[in-house]
Amino acid sequence: MEKARPLWANSLQFVFACISYAVGLGNVWRFPYLCQMYGGGSFLVPYIIMLFVEGMPLLYLELAVGQRMRQGSIGAWRTISPYLSGVGLASVVASFFLATYYNIINAWAFWYLFHSFQDPLPWSVCPLNHNRTGYDEECEKASSTQYFWYRKTLNISPSIQDSGRVQWEPALCLVLAWLVVYLCILRGTESTGKVVYFTASLPYCVLLIYLVRGLTLHGATNGLSYMFTPKLEQLANPKAWINAATQIFFSLGLGFGSLIAFASYNQPSNNCQKHAIIVSLINSSTSIFASIVTFSIYGFKATFNYESCLDKVILLLTNSFDLEDGFLTPSNLEQVKSYLASAFPSKYSEVLPQIKNCSLQSELATAVQGTGLSFIVYTEAIKNMEVSQLWSVLYFLMLLMLGIGSMLGNTAAILTPLTDSKVISRHLPKEAISGLVCLVNCVIGLVFTMEAGNYWFDIFNDYAATLSLLLIVLVETIAVCYVYGLRRFESDLKAMTGRTLNWYWKVIWAGVSPLLIISLFVFYLTDYILTGTLKYQAWDASQGQLVTKDYPPYALAVIGLLVASSTMCIPLVALGTFIMRCFKRKGDTPPVA
């Protein structure tokens, strides 16, 4: 007798699982960057439009497919058409790549969390050099936060060719991160359903605490005014609209198969339309909420750096021209500089190269995303706060909850098709399958703990799941609307939930979303072609900054394999199915008398 499919204990567990998966690090470290780059408040216009014409409808589509077919991604698309099994396989491959590199972020978060209990914070000051006669040269040329990230955490090599060895401390943190993930997914929905309450709610508690603290910081209003002051000319910038669509697409985790896997454990009568609206609105609201927190911190950091710069200029001029202490102030600095330049031209010209150009707007306009925002910019702000250890612990605990929550979805996308397979589940229990997946991912993930690991992390982050996801979701929408049939799918939904499908969803699924995805696909392809030779940012210890280098041929080959390995699943499986059917048809043909 076939075992009954596991179910969520209640619909709230399902919603929390989706929120925990969708609300991830991208909400905290990419959306604020896009706001900064594309006009502050004006970026919200294309973002909200894309939410309603792309994000929400496609999220509903995936949840509806999972709930209707009651299988993981491979089984769900095979049910729609045997030729579409490759769509599910492509999702599993993309999720496998994502899980492999995504958990290293959790490992780094563990590393910083453990160091957050030190006083002073280890990234707050530069270490002494070997002779103990001054500060480390690399740290002085960069900053204490950059030095801790690039040298102490990554021990980064000067190029991707210099692979170096595995760093045992980050490697242990990676093993710990995978152990935590394994314990969370050990019993499937039974254990995941309990964990998601924590991983989905704790980040909001921390963000709320950070919001209160951020708004009380000196200079926070500078950051918030920078965010909410709209630059309306950016609405005419096509890249603002493309990045808004891309952010919505990837933030919700479309195409990975995680949402289909989660929805497959629902009761057939579950109102997945309501849940799609709730999850997408919460996800986007979280991005805006996180941006308010981030820009208040940005404002504090920018104001602190700006005032520190002014203090250094004032001290330099006071000492160089023997001015009275307290005579020079930020308010009269420019006026006194003009006077000194005219009264003492020769002496002023000697000092001029040492005078920094201090600008609050330049500090606010410095846009950083990804690991640079989380592990450099935020840590620089945290080190200047009172009771910095507390804020550091809270911040990295939040990062961990966001990262682990997303990992639960990533692993579900891989495990659900495997546990659905009768061949595999007949020989291995669910716990063993979960353990093997975690073990394989952890072993491969050790590559990211090597000295060149961060360069490989960037390759996976940039190329493992971009074009392939667009293609997967495009085929999904075409499959539902034109292969399975929109009217048939509509009648299935009505029979399942008792609700008639609104015309809005049908128009978006059948026309708007496919055209939008094709536009994004063309943009990415064009961008890759026009970029020419792909480049990466390498750390130069002698200069204490990042420099641009060309990827070597073998790295380009890996990039090609990452893109092709998931996208080629779709046509190859379809071709294989067609050939198998042809052979079967021939074998079934009776001999001619």
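Every residue, even glycine, has its Cβ placed from backbone N, Cα and C.
Feature annotations, courtesy of TrEMBL:
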type: TRANSMEM; residues: 12-31; note: transmembrane segment
type: BINDING; residues: Ala22, Val23, Asn27, Ser251, Asn283, Leu402, Ser406; note: Na(+) binding site
type: TRANSMEM; residues: 43-65; note: transmembrane segment
type: TRANSMEM; residues: 86-114; note: transmembrane segment
type: TRANSMEM; residues: 168-186; note: transmembrane segment
type: TRANSMEM; residues: 195-220; note: transmembrane segment
type: TRANSMEM; residues: 240-265; note: transmembrane segment
type: TRANSMEM; residues: 277-298; note: transmembrane segment
type: TRANSMEM; residues: 393-415; note: transmembrane segment
type: TRANSMEM; residues: 436-457; note: transmembrane segment
type: TRANSMEM; residues: 463-486; note: transmembrane segment
type: TRANSMEM; residues: 507-526; note: transmembrane segment
type: TRANSMEM; residues: 554-579; note: transmembrane segment
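Counted within 10 Å of its Cβ, the other Cβ atoms near Ser251 (Na(+) binding site) come to 23, all protein chains included. If you count C-beta pairs under 8 angstroms between the transmembrane segment (86-114) and each of 12-31, 43-65, 195-220, 240-265, 436-457, the highest count goes to 436-457. Counting same-chain residues at least six beyond the ends of the transmembrane segment (168-186), those with a Cβ under 8 angstroms from any Cβ of the stretch are 103-104, 106-108, 110-111, 114, 153-154, 192, 195, 403-404, 407-408, 411-412, 415, 431, 434-435, 438-439, 441-442, 445-446, 448-449, 453. Using a Cβ-Cβ cut-off under 8 Å and counting only residues 6 or more beyond its ends in the same chain, the transmembrane segment (463-486) has close neighbours at 58, 61-62, 65, 77, 80-81, 84, 87, 90-91, 93-94, 97-98, 101, 249-250, 254-256, 506, 509-510, 513-514, 517-518, 520-521, 524-525, 559, 562-563, 566-567, 570.
When Cβ distances are compared across the two stretches, the transmembrane segment (277-298) makes no contact with the transmembrane segment (507-526), since fewer than 3 pairs at least 6 residues apart fall below 8 angstroms. Outside the transmembrane segment (195-220), and at least 6 residues removed from its termini, the chain residues within Cβ reach (under 8 Å) are 13, 16-17, 19-20, 23, 184, 286, 289-290, 292-293, 296-297, 299-304, 385, 391, 394-395, 397-398, 401-402, 404-405, 408.
Comparison of 12-31, 240-265, 393-415, 507-526, 554-579 by number of C-beta pairs under 8 angstroms to the transmembrane segment (43-65) places 240-265 first.
Here the transmembrane segment (507-526) has Cβ contacts under 8 Å with residues 53-54, 57-58, 61, 242, 245-246, 249, 466-467, 470-471, 473-474, 477-478, 480-482, 486 of the same chain, all six or more residues outside its ends. Of the ranges 12-31, 240-265, 393-415, 554-579, the one with the most Cβ pairs under 8 Å to the transmembrane segment (436-457) is 393-415. When Cβ atoms from all protein chains are considered, those within 10 Å of Ser406 (Na(+) binding site) total 26, not counting its own. Long-range contacts of the transmembrane segment (12-31) within its own chain (CB-CB distance under 8 A, at least 6 residues past either end) are made by residues 63, 105, 189, 192-193, 196-197, 199-201, 203, 247, 250-253, 258-259, 262-263, 265-266, 270, 275, 278-280, 282-283, 286-288, 290-291, 294, 369-371, 373-374, 398-399, 402-403, 405-406, 408-410, 412.
A simple way to gauge crowding: the CB of Leu402 (Na(+) binding site) has 29 other CB atoms within 10 angstroms, across all the protein chains here. Same-chain residues with CB within 8 A of the center of the Ala22, Val23, Asn27, Ser251, Asn283, Leu402, Ser406 CB atoms, the Na(+) site residues themselves not counted, are Ile19, Tyr21, Gly24, Leu25, Gly26, Leu252, Gly253, Thr286, Ser287, Gly405. For Ala22 (Na(+) binding site), the same-chain residues that are 6 or more apart in sequence and have a Cβ closer than 8 Å to its Cβ are Ser251, Leu252, Gly253, Val279, Ser280, Asn283, Gly409.
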